[in-house]
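Peer 1: One structure coming up, written as structure tokens, with questions to follow.
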Amino acid sequence: MKWFNIWWAVAIGWCIAIAIATRAPFFTGQSTESLFEFPFFNAEIINFLARKMTHLVAFGMLAVFVWLALNKLGGHKLRYYIAWFVATFYGAVDEWHQSFLPERTAAATDVLIDSMGALFFLLLICSVKQHRTEKHRQSKNK
């Protein structure tokens, strides 16, 4: 298992956590809406935003874990594309899975949000790496 590293275990564990959260009744829209009862705010809007932010972060983190697992590819752009694809594909599979659960609804927009979360987190990694490379290059030239 030369290709395996700890980040694959983390990525697979994260996928399992997403699947468990999908099946848990606590994470349904109706359940989470009761958590956000504020006197001056519309609970439905806050609930919607909280659930969509969860999609962004959950699938953004999945993309990061897959990107880290693909360290054998080095800094190659393919590493970013594969990480984005895996997170987006798993988002689609998760939504498909939700279509079979009576307390859930599947939404193509959620797959889009999952994909955007993955893209955002990967762009953040790329930006940080470029900044560090530039900083290192500047310190070498001094």
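Start at 1 and count along the chain as shown; that gives each residue its number.
Glycine too: its Cβ is placed from the backbone N, Cα and C atoms.
Nobody curates TrEMBL annotations by hand; they come from automatic prediction.
The domain 'VanZ-like' annotation in TrEMBL covers 40-126. If you look up TrEMBL, you'll see 53-71, 105-128 marked as transmembrane segment.
Mind running through what each feature is packed against?
Peer 2: Residues 5, 7-8, 10-11, 14-15, 18, 21, 79-80, 82-84, 86-88, 90-91, 110, 113-122, 125 of the same chain sit 6 or more residues outside the transmembrane segment (53-71) yet have a Cβ under 8 Å from a Cβ within it.
Within the same chain, residues 52, 55-64, 67, 80, 83-84, 87-88, 90-92, 94-96, 98-99 sit at least 6 positions outside the transmembrane segment (105-128) and bring their C-beta atoms closer than 8 Å to a C-beta of that stretch.
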